[in-house]
Amino acid sequence: MRNIVILISGGGSNMAAIVWTAAREDWKTRLNAQVSAVISNKADAKGLVFAQGEGIDTAVLDHKAYPDREAFDAALMQAIDAHAPALVVLAGFMRILTPGFVDHYAGRLLNIHPSLLPAFPGLHTHRRAIEAGCKFAGATVHQVTAELDHGPILAQAVVPVLPDDDEDALAARVLTQEHLIYPRAIAQFLNATR
Ligand code: GAR
């Protein structure tokens, strides 16, 4: 069985969408893959409760407990590697990763970013899209490389930016699409790498 480890920092709605899709589409049988662990850098991440309810292993590694980024990433890698993952999925994991971490999972590390990359890498993507007068926004699933919010694009979804949109309204519209494209891109990735 190929293990998938999902990293979150908050609500975990993308993680939940992946877990639900994996169950609905029977990834265990069809793709020989399962979500084996959800790891958060925040103890109060709401997604942890969902994962526990689904019987998935959870762990919390508080980045503030480590002296620097390298020490945190080393501990994180140890926690992840305990599951011998075929795939590591960043799902709203709000930490910048060290080059050592990215290298270690090269070719098996995916991220979703709430913009149409290469536009708007980094934070506050929805506000920036509205301020720039964009007529369309969206989300991107990509392989993670050393450069923040770059790397080969696996999937994108596009939504309109409506005249009355504020940041929250646009974020919600984008998020519903994230829940569709991320599980689909992961299934395609698993299918292509079996
Ligand atoms: C999602 O919109 C995701 O694209 C974004 O955080 C949200 C997490 O929501 N990720 C980033 O901004 C990463 N740079 P969720 O916890 O409900 O899945």
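Using the three backbone atoms N, Cα and C, a Cβ is placed for every residue, glycine included.
Please treat TrEMBL annotations as automatic predictions, because they have not gone through curation.
Feature annotation from TrEMBL assigns active site, proton donor to HIS113. Among the features that TrEMBL reports, N(1)-(5-phospho-beta-D-ribosyl)glycinamide binding site is placed at GLY12, SER13, ASN14. The annotation (6R)-10-formyltetrahydrofolate binding site is assigned in TrEMBL to ARG69, MET94, ARG95, ILE96, LEU97, ASN111. Look at TrEMBL and you will find 3-186 tagged as domain 'Formyl transferase N-terminal'. Residues or ranges marked as site 'Raises pKa of active site His' in TrEMBL: ASP149.
Feature annotations (TrEMBL) mapped to structure.
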{"residue": "GLY12", "record": "N(1)-(5-phospho-beta-D-ribosyl)glycinamide binding site", "DSSP (3 states)": "coil"}
{"residue": "ARG69", "record": "(6R)-10-formyltetrahydrofolate binding site", "DSSP (3 states)": "helix"}
{"residue": "MET94", "record": "(6R)-10-formyltetrahydrofolate binding site", "DSSP (3 states)": "coil"}
{"residue": "ASN111", "record": "(6R)-10-formyltetrahydrofolate binding site", "DSSP (3 states)": "strand"}
{"residue": "ASP149", "record": "site 'Raises pKa of active site His'", "DSSP (3 states)": "coil"}
- Task: Measuring Cα to Cα, tell me the gap between SER13 (N(1)-(5-phospho-beta-D-ribosyl)glycinamide binding site) and the residue listed as 'active site, proton donor' in whole angstrom.
- Result: 14
- Task: Filter the recorded positions GLY12, ARG69, ILE96, HIS113 down to those with CB closer than 6 A to an atom of ligand 1; keep them in sequence order.
- Result: GLY12, HIS113
- Note on the structure: Neighbour count check, CB within 10 A, over binding-site residues SER13, ASN14, ASN111; minimum at SER13
- Message: Counting other Cβ atoms within 10 Å of each residue's Cβ, which of the binding-site residues MET94, ILE96, LEU97 comes out lowest?
- Response: ILE96
- Do you know which of the recorded positions ARG69, ARG95, HIS113 has the most other C-beta atoms within 10 angstroms of its C-beta? HIS113
- Note on the structure: One finds that other Cβ atoms within 10 Å of the Cβ of GLY12 (N(1)-(5-phospho-beta-D-ribosyl)glycinamide binding site) number exactly 23
- Rounding to the nearest whole angstrom, report the longest C-alpha distance spanning ARG69, MET94, ARG95, ILE96, LEU97, ASN111, listed for (6R)-10-formyltetrahydrofolate. 19
- Message: For the N(1)-(5-phospho-beta-D-ribosyl)glycinamide site (GLY12, SER13, ASN14), what does the 8 A shell look like? I mean other same-chain residues with CB within 8 A of the CB centroid.
- Response: ILE8, GLY10, GLY11, MET15, ALA16, ALA17, GLY47, ALA91, GLY92, HIS179
- Sorry to bug you, but what's the C-alpha spacing from ASP149 (site 'Raises pKa of active site His') to HIS113 (active site, proton donor), rounded to the closest Å? 7
- Message: Around the C-beta of ASP149 (site 'Raises pKa of active site His'), how many further C-beta atoms are within 10 angstroms, looking at every protein chain?
- Response: 18
- Which of the recorded positions GLY12, ASN14, ASP149 has its Cα closest in space to the Cα of ARG69 ((6R)-10-formyltetrahydrofolate binding site)? ASP149
